[in-house]
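According to Swiss-Prot, the features are:
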DOMAIN    4-147  domain 'Flavodoxin-like'
BINDING   10-14, 93-124  FMN binding site
REGION    166-245  region 'Hinge'
DOMAIN    269-531  domain 'FAD-binding FR-type'
BINDING   289, 608, 609, 622, 623, 624, 657  NADP(+) binding site
BINDING   449, 450, 451, 452, 485, 486, 487, 488, 695  FAD binding site
């Protein structure tokens, strides 16, 4: 069987899952995938590799390769490597990203570019899958086209002309081969082909006269929804993926009294269990978003940080949602039983392994509370598996539609874009009764949530501040449910007893109540830090909660200036924005203090919802408007004074708008075309003078 090397670089498991899918399908087409995480450098050697290489690479942070790929990227970026170092290598790469972020798929692009520079050649076009619109829109056709590309590679390299049988098996894949980065989402949905992991043609479900006779007259009265389809989908024969092979055996055993630790859900970083020493509401009660500041007491730990760092908060799922699942799965009376997980002896899943995020011994309630991301949007493979555990034929048909090729648009609209989760599906399809093992196979790890440090350890020794908006939204899949963010909702509830209301932050000790504790862990180092040279000018752009790291910056600068009264400190610009001056102007008093004492030299604040009277050119509604108004100064700081620009906050709109504003400013002030201005900004990023902390 023809071997290829298959490497994945993953941050949250997405790239790994896709690589495993490729590995499972490979056998069908006469290939053998040698599957490894890119961090397992002792198990492969690109310098001597003769087989083709297939890579699946995700993107994290500000367009960075995932943590698992850091050593790999560092190794291939070694400037001493000759330009023909990998000239023998042939590869295909699938990049995963989110176009809401400025540096889309940059993790894959960085590796792709460097492989090219070292002489490696593509045997298959690079794919760029966009999580903003649905990874599957590129992932599925990219995988389908991979087999024909591999076949062509082996034929051309080894001169095999006796592979007609294998070519026949690969022919249906070649018909669907596309250039993924050119795939137009809206017009190319029909290109998707869902093949099963066993390699047979996708199963076709014929809906006969029973379906059409009983439903057609009624269905026209409905609009399409999560639970109902309309023609032509409701009358179509469906191409659905075959059932993913089950591979986990789960037994619930009587508990023996062992204690569980939150640390068991974190496998890499050290975990610190620290008390909350203060909690303050930073916004008025009538503000559109409620923002809280939390102070942690880290004085009895060796946790250290510097302004600009971020850290993880280990959070649980909502207790009410966990209890719903226990009741719905008919396991409420066994919530304290211990979960024992093993690999099924007869599983067909290649490389089946126990999920690392499931502790060896934990209770069922602990598992659902601390280990599984029960809010995750179900992938199509999960829907396919759920369909086989759904008793009602109409409900089963609808789940099959949602995971089918024909139902791709419905899946995007009613599952993906609606943010439907397992609880929503179980409410929508009452006859669906999945076994616990299925949840462990398909639900990802509950990830810790990252937050920016909003303080300086020089200014607040032994303390760590962070701020957040309490996320609230309506789940409107089948019934309207008000939900809070997994972590922000939990934190808000946790600090209720000690929360200081708006404008009462000066009462340092807060309410006399038992201080709650939370578990935190450090995040890998980043470059979102103040310049080493304090004389270098900086521009900070942080609307809303994005101001958090800059409070730490300014606190740090204030202490440095106190320690070095004769020192030279560069100009500091802060572009802050909020909706209303009187409702959500975060840290107003602190910013005025920094301005008064000279730590902050320029403060520009924009209010997007306030109506200003008497301003000739109208108020600056957003931070990008304020940047444009100070175009010459901004360009001077960046291009003449070798300054830094920091952007923190919303990736979906703000970061893009600020990026575009900076391009326009550079173009206008230097008299160059926008393409050249974009190159200049890219150079600033490479020099780590244009830094982003966006989410």
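Just so it is clear, glycine is given a Cβ too, placed from its N, Cα and C backbone atoms.
Mean pLDDT for the domain 'FAD-binding FR-type' (269-531) in the predicted structure: 93. Each residue in the domain 'Flavodoxin-like' (4-147) gets a DSSP state, and the totals come to 53 helix, 34 strand, 57 coil. Candidate binding-site residues: 108, 289, 623, 624, 657. Nearest to residue 487 (FAD binding site) by Cα distance: 289. Cβ-based crowding with a 10 Å cutoff singles out 451 as the top-ranked of the binding-site residues 123, 451, 695. Local packing around the Cβ, expressed as the count of other Cβ atoms within 10 angstroms, is greatest for 623 among the binding-site residues 93, 487, 623. Closest by Cα distance to residue 289 (NADP(+) binding site), from the binding-site residues 93, 103, 113, 118, 485, is 485. On the backbone, the CA of residue 485 (FAD binding site) and the CA of residue 624 (NADP(+) binding site) stand 28 Å apart. DSSP assigns residue 451 (FAD binding site) to a strand in the three-state reduction. The Cβ of residue 103 (FMN binding site) lies under 8 Å from the Cβ of 59, 62, 63, each of which sits 6+ residues away along the same chain. Residue 624 (NADP(+) binding site) sits 18 Å from residue 695 (FAD binding site), taking the C-alpha atoms as the reference points.
Ranking the binding-site residues 449, 622, 695 by the distance of their Cα atoms from the Cα of residue 123 (FMN binding site) places 695 first. For residue 98 (FMN binding site), the nearest neighbour among the binding-site residues 449, 609, 622, 657, 695, judged by Cα separation, is 695. Sorting the binding-site residues 108, 485 by the number of other Cβ atoms within 10 Å puts 108 first. Residue 108 (FMN binding site) and residue 695 (FAD binding site) have their C-alpha atoms 19 Å apart, to the nearest angstrom. Of all residue pairs in the NADP(+)-binding list (289, 608, 609, 622, 623, 624, 657), the one with the greatest Cα separation is 21 Å apart.
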